[in-house]
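Step one of this worksheet: look at the structure below.
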Amino acid sequence: MDLLVSSNLRVINAAGFDSSLGVHKVPLKAKEVCFGGLFTEKDMYKWINVSINKAYRKAFNMASQSSFDPLKELLQIIYETNPPAKPVIGYSWVPRFLEQPPVEMTKALIGGVDCDEVYPNIFIGDEGSARKKDFLQAVGITHVLNTAEGSNFGQVNTGVNFYSDAGIKYLGFDLIDAPRTRIIDCFDQGVNFIDEGVSSGGKVLVHCLMGLSRSTTFVAAYLMIKKKMSAKEALRTIRKQREVRPNDGFLVQLLQLEAKGLDK
């Protein structure tokens, strides 16, 4: 789906981004991320991600003035914890693919694969990773959790049938990357699915469109529920391996999950 530049304000607002963070305006150099005057869905999300990265400092400063200290602490972890640089997409899988025919390795390296192992046998990735079944099989992925299931803007339309020929188990949630989304309501089912994959000796890919917000929130919930980490520990663990940034509403829901655990 292509989006006219003139419609960007509506799209970004619909995605739930806080205009107070300064990510609601198209940059003057918007032509750098569009083609023929049109934003593709992936281009728009890439631009949004760049804008969010620039807004980290402003968001942290705003949180510093707030009385909501737990959220401030999570934002600080996101800002201060940086993963190692990746020289090329898919570079970490080169050794495994060296045992495969060169054409298979080439397809993985140039095919838009963007995923990272953020915890043993748990991977966070984007739509490109989720759609490359030959890559997933070579890596050893046995379970795929799609946290952005659907055919609308910002979603990935795969499903059980898409993975049936690869022998990969699938679970999907129709969630929008917006602070108002009740992602916490899906934690139990999603976390149990991840745990099933890992406990059975498999490997799990948790993905959304870009591998930044929805997928990260589920993996953080898994680390909190199954590995007894705090929200801060979970986010720090993930950020050490991949540059991620759940939206503020999802961060608050992780804090709610943490508080719920403390009440038990």
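Just so you know, glycine gets a Cβ as well, placed from its N, Cα and C.
Taken verbatim from TrEMBL:
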DOMAIN    114-263  domain 'Tyrosine-protein phosphatase'
DOMAIN    185-242  domain 'Tyrosine specific protein phosphatases'
ACT_SITE  Cys208  active site, phosphocysteine intermediate
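Counting every protein chain shown, the number of other Cβ atoms lying within 10 Å of the Cβ of the residue listed as 'active site, phosphocysteine intermediate' is 29. Across all of the domain 'Tyrosine specific protein phosphatases' (185-242), the predicted model scores a mean pLDDT of 98. The residues of the domain 'Tyrosine specific protein phosphatases' (185-242), classed with DSSP into helix (H, G, I), strand (E, B) and coil, number 37 helix, 5 strand, 16 coil.
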